[in-house]
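If you look up Swiss-Prot, you'll see 149 marked as active site, proton acceptor, on the strength of sequence analysis. The feature ATP binding site is assigned by Swiss-Prot to 25, 26, 27, 28, 29, 30, 31, 32, 33, 48, 104, 105, 106, 167. What Swiss-Prot lists as compositional bias 'Polar residues' is 347-366. Summarising the annotation, Swiss-Prot assigns domain 'Protein kinase' to 19-315 and lists sequence analysis as the type of evidence. The N6-acetyllysine annotation in Swiss-Prot covers 44, 48. Under the heading phosphoserine, Swiss-Prot lists 175, 347, 353, 357, citing experimental evidence as support. Taken from Swiss-Prot, the feature phosphothreonine applies to 186, 350, 354, 362, 363, supported by experimental evidence. Here Swiss-Prot flags 166-191 as region 'T-loop'. The region 'Disordered' annotation in Swiss-Prot covers 343-372.
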């Protein structure tokens, strides 16, 4: 039986035993992620174990899609898939071998960095983070790929300060609707706190703007240090979006009343748009506020795209984007969301200072209340 099962796996993949697992650094519905080291070369890697428990008909289709996409995407700001490894099926693993995706190791994820109050980003460093993030989105969108799970935990940063978009487990190729027939993609994607309003309203014919909404949430998070809209349900998330971005109406979002759930959900009425007003206590730079405002536009057709965002004055005004390597060199321990305390509302987090000085005596240490 073991031999039969083994034959449907990856006969040309190396054994994962060539790597020594060092620590678990991630856990999710997708499986587990480990920091590991190549036994011969010493190269550090990340091993993502593909969850096979519920697969009765061989290799999971979602993992096949992720592998295909990662083999297509080769860019400095996209995580690099090195190879695919396996463990052989045997009586010791109930005749079920495991598959591992092997990636270049990145020392941190953005959620882990933001959860650590000792990590201080200057304004110029925030500019560099967002510049690399948008560069990555520009590249994948040019290659007709949607990420569909933009959040701080899926943004990796190496010790040299290079940002990598990661976790393409929900990613897919996209295309323009053909012959007036809309696409029918699933809208059950994107972590709730980063999910754009069009998906919450049931839209299935969507594109790159869904990832740009997540980029806007992440950009605001660079100052608030915690997700800015932490809904408990889809209805609650829409209410939080309305409180920040204004009520969802056909006046601000043409044809939104044609969306499947527009009439079925109780949408908040009478709310004015106040993205800048609500965030200006945290985000002091006017260009930064303006870009966040353009990323968090309700109507996906009017939301700024990655190309225009990269040309925004935020990136072309003083202080200019600067390298992260110097700041990260003072933090020798890896920081990941999985290893950090939860970044939920109610937690007391020090407001992000964008002063160029990192002297604790001169850095603003005032505690802030949540945006919501």
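Every residue gets a Cβ built from N, Cα and C, even glycine.
Shown for the region 'T-loop' (166-191): DSSP residue counts in helix, strand and coil, namely 0 helix, 4 strand, 22 coil. Of all the recorded positions in the list 48, 149, 175, 186, the shortest Cα-Cα distance to residue 33 (ATP binding site) is found for 48. Confidence in the region 'T-loop' (166-191), given as mean pLDDT, stands at 90. Among the listed recorded positions, namely 104, 149, the Cβ with the most fellow Cβ atoms inside 10 Å is that of 149. Distance between Cα atoms for residue 48 (N6-acetyllysine) and residue 149 (active site, proton acceptor): 17 Å, as a whole number. Residue 149 (active site, proton acceptor) carries neither a helix nor a strand DSSP state and counts as coil. Looking only at the binding-site residues 25, 31, 106, the one with its C-alpha closest to residue 186 (phosphothreonine) is 31. In the three-state DSSP reading, residue 27 (ATP binding site) counts as strand. In the three-state DSSP reading, residue 44 (N6-acetyllysine) counts as strand. If you compare Cα positions, residue 106 (ATP binding site) sits closest to 44 out of the recorded positions 44, 149, 175. Annotation for residue 31 (ATP binding site): same-chain Cβ neighbours under 8 Å, separated by at least 6 residues, are 48, 49, 50, 51. Residues near residue 175 (phosphoserine) in space but far in sequence (CB under 8 A, at least 6 apart, same chain), listed by position: 144, 183.
The local packing around residue 27 (ATP binding site), expressed as other Cβ atoms within 10 Å of its Cβ over all shown chains, amounts to 11.
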